[in-house]
Amino acid sequence: MARIQGHGLILPIAAQPRRMFPFMPCPRSPSDSTAPRRGVDATLWLAAGSYAVAAAGWLVVADRLEAAAATRAAVLGLMTLVLLGWVLHRRDRLRQAAVLDAMRRRLWLLDAIVQGSPDAIYAKDTQGRYLFANREACRRLGVRPEEMLGRTADEFFPPDETAMLQAREQEVLAQRQPLRTERKLTTPSGRHAYAATVGPLLDAQGELVGVFGISQDIDAHKQRETDLRPWVVALQSTRDGVMVTDRHGNIRTVNRAFTEITGYALEDVVGRKPSLLRSGRHDADFYRALWQAIDRDGCWQGEIWNRRRNGDIYPEWLTITRVHDDDGEHTHYVGVFTDISRLKHNEAELERLAHYDPLTQLPNRRLLLARMDQAIAQAQWQDGQAAALHVGLDGFKFVNEGFGHPVGDELLQAVAARLQSRLRQGDLLGRLGGDEFLVLPGRLSEPGEAALLARDLLNTFREPVPLSGGRDVYITASIGISVHPADGCHSGVEMLRNANAAMHHAKELGRNRFCFFTADLQAQAVERLQLEAALKRAVERDQLLLHYQPRVDARSGRMCGVEALLRWDHPEAGLMAPGQFIPVAERSSLILELGAWVIDRACQQAREWIAQGWSDAVVAVNVAARQFTSGHLDTVVQQALARHGVPARALELELTESMLMQEPDAAVDMLRRLKAIGVRLSLDDFGTGYSSLGYLQRFPIDVLKIDRSFVQTIGCGPDGAAIADAVIALAHRLKLRVVAEGVEIEAQLRYLLAQGCDELQGFLFSRPLPPQALALPAPAHALVDG
C-alpha cells in the first residue's frame, strides 16, 4: 500500500511494471538479434513510467490534502522534467544502437569480402606468427583457419622459401612501407607463381604490431607470358618493321626492324602519331581511302612512300590491321611493313630493260611498236605520212659463228653507234633483236625522203667496222621501207610486218640495198594462207611431233624436266621448226587445236617416262596467247591428264608475260583455275615485256624463266648480266624457281650457278631431241664442277 513520508510519495510499482503499464513491450527471446536493443527500450519505459506514476500519485494526494497551489505546480514541473529527460536519454540510446548496427554491417561486409576474395589475405605479428588468414590462404596451404593461428611460415614452406618470406617481412617492418614482389612458392598442390603485396600492420594508436599480406596466384599470367615470349622474339627478329598504336592512333611500341628501317628509336615515337613518317607524296584523298578501307574491311594493304628520320623518302609495302579484344571492342592498330626500295629499283631496272635492248641500249621492239602507233596516229591527225625502215645486216651469222658471240656483240654495238651517227634530229633508232634494227624518221613529207635516209644508212657500211684485237669487219645491210598510208597499214604491227617483208625482199634481190613494200609483196600473204591450209592437213595426217630439250638442276646436275618443242615433218620441206609455222597458226583458230594436241601428246609422253622409272618427270609445254585467253585451257588440261592418268605435277605450262598483261584480272582467274588442278605454272621470256612487281605478286606462278636474249648478254660488259641478276633476286624474294634458257657457253653456266639460278636449259647441255633419243636422268656428273 502507498504511504506518505514527509513531502514524498513512494508507490510499490517498480516491482510490477507490466501490470501497472500494460502498454510496455514484453521482453524478447535471447535468440532474437534485436533482444538487447528491445531490453534497453523496456528498461527505459519502466524508469520513465515509474517516475510519471509517482508524480501522478503525488498530485492525487496533494489534491486530497488540499495542498497549496505551489505544490501542484512543482509536481507538474517535475513531471515535465522527467519526461524531457527520458526523451533525451532515449534519443542517445537510439543513436548508439544505430552506430552499433552500422558497425556490425560493415564488419560483416568486410568479412564477406576478405573471405570471398580469390587472393590469399593474412596478418602476422612482429614475430611472424599468423594472426589471421582467409579461406583462400588456408586452402592453398591445406589447413583449416583455426590451424593457422599462431603458426609461422617455416611450418608450411621449405627453408629457402621461408627465409625469403621472412626477409621480405623484416624489410617491411624496418621501412614501414608496402613491398610488392613476385615469387614462386611450394604448396601442397605444387609450385606456383604468386604476386604478393606485404605491408605494415598498425593498431589504433599507429603502433606497429605486425604485417599483412595479399597474395595473388599469377600462374595463368606467367603462362601467357611464356606463350607470348616466342612471338615477342619473332617480332624483334623479323626483318619487317612493326608498329602498334592504340585505337586513337598513338604509337605504343615498335620493333627493332622499325628502328633499322626508319631511323626512329622506340623512345622517339612512343606517344606520337604515325604521321611523323609521312613523305608528302600522298594527298589527303589517299589517306582518306586508306582509312575507309580499314573501317570497312578491318585492314588495308598497299604500297606507300614514307620518310626516314634522316629525311630520305623510301617505298614500303604496308599492311594495317585493326585489332579487337575478346569482347569485340576495337583496341589497337598494327602496321607491318617491308622496305621495298631494292625491289622498286629492280622493278625500275626491269622496266627499263623491257623497253631497251641491254646490248646496245637502244629502244627494243616493244617501245618501237608503241612509237610506230604514235607516228601513224599523228600522221592521220595531220594528214601526213609516217615510215619505218627495217635494217637487217647481211652475213652477220657468219661473223657471229666465225669469230664467236663476243665479237658478234661488239659488231652490233659498233653498227648501232654508226647508224645513230647518221640520223637526223627527231629520228629514232632501235634494235628489234638479233641483227635487225629499225629506224623511224621523225618527219616525212614524201616517200622520197625515206629513200634518201635509207641510202645514207647504207653508205655507213662502205667502210669496215674496226673491232678489238685489230680486226676490221666488212658488212652490209638490207633495208625494207613501209610508208603510211600508201601501204595501207593502220598499226605499228602492220607497218613492221610490211617493212620486214620489204627487207627480206631486198635480201632476195641481192642484199646491200633498200626496197619499198609493194603490192607484189602482198602475194606472200597468199602463200601464208596456203601454209595455213597445209598445216591443218598436217594435224589431220599426224605429221606433227614433239622434241624435248632437257632442263638441268643447277645443284645436282641431273635432268629435272624437259621442254616440249613442236616440229612439223613436212612431206616436202622436211622437218620444220615452230618459228616457220606457229605464227601462221596463231593468226587463225588452228592454234587452239594445235595447242590441245601438244598438251595431250606431252601428257602421253610423261606417262611413258613415269612407267619407265622417271617418277618425277616434268614436261613443260608452251601455251599460245589465244589458247590461254580462250577460257577453256583448264578443261583441256584436265581432260588430257585424266585421259592418260598423269599426275598434275608432271605438267608445266609456260606462259608469256605479254599474254598475262593483256587482261590481268582474267589472267589471274585462269591461273587460279589451273593452279587448282595442280599443274606448275612458269612465266616465260620474263623481262622482255612489262614486268610489273604488283601483277607478278598477284599471279600464282611457280617458275620464272630468264629469256635467252638476256642470258646471251652475260659477260658483255658490266651491265651485261644486270637483268639476269635482277630476275634471280626478284624470283627468290618471291620464293619462285628460276630457269635460265639459252645457256650455250661455260662462262654463262658458271655465272648463273654463282648467282643461284635453280635450273638451266640450252645447247650447252643438249639440243631438242625426239623422246627415244633422250636418256633418262642419271646421277650427277661433271656439270657442276665446271
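Placed from the backbone N, Cα and C atoms, the Cβ positions cover glycine too.
Feature annotation from TrEMBL assigns transmembrane segment to 42-61 (among others).
Among the features that TrEMBL reports, transmembrane segment is placed at 67-88 (among others).
Confidence annotation: the domain 'PAS' (110-176) carries a mean pLDDT of 88 in the model. Feature annotation from TrEMBL assigns domain 'PAS' to 110-176 (among others).
Per TrEMBL, the feature domain 'PAC' maps to 179-230 (among others). For the domain 'PAC' (179-230), residue counts in helix, strand and coil come to 12 helix, 32 strand, 8 coil, using DSSP.
Per TrEMBL, domain 'PAS' is recorded for 234-272 (among others). Helix, strand and coil counts under DSSP for the domain 'PAS' (234-272) come to 15 helix, 10 strand, 14 coil.
According to DSSP, the secondary structure content of the domain 'PAC' (300-352) in residues is 12 helix, 30 strand, 11 coil. Per TrEMBL, domain 'PAC' is recorded for 300-352 (among others).
Helix, strand and coil counts under DSSP for the domain 'GGDEF' (384-519) come to 60 helix, 36 strand, 40 coil. Here TrEMBL flags 384-519 as domain 'GGDEF'.
TrEMBL lists 528-782 with the feature domain 'EAL'.
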_Recorded stretch, among 110-176, 179-230, 234-272, 528-782, maximising Cβ pairs under 8 Å relative to the domain 'GGDEF' (384-519)_ = 528-782
_Same-chain residues near the domain 'PAS' (234-272), Cβ under 8 Å, at least 6 residues beyond its ends_ = 306, 308-310, 314, 316, 330-339
*asked:* Going by DSSP assignments with H, G and I as helix and E and B as strand, what are the residue counts for the domain 'PAS' (110-176)?
replied: 38 helix, 10 strand, 19 coil
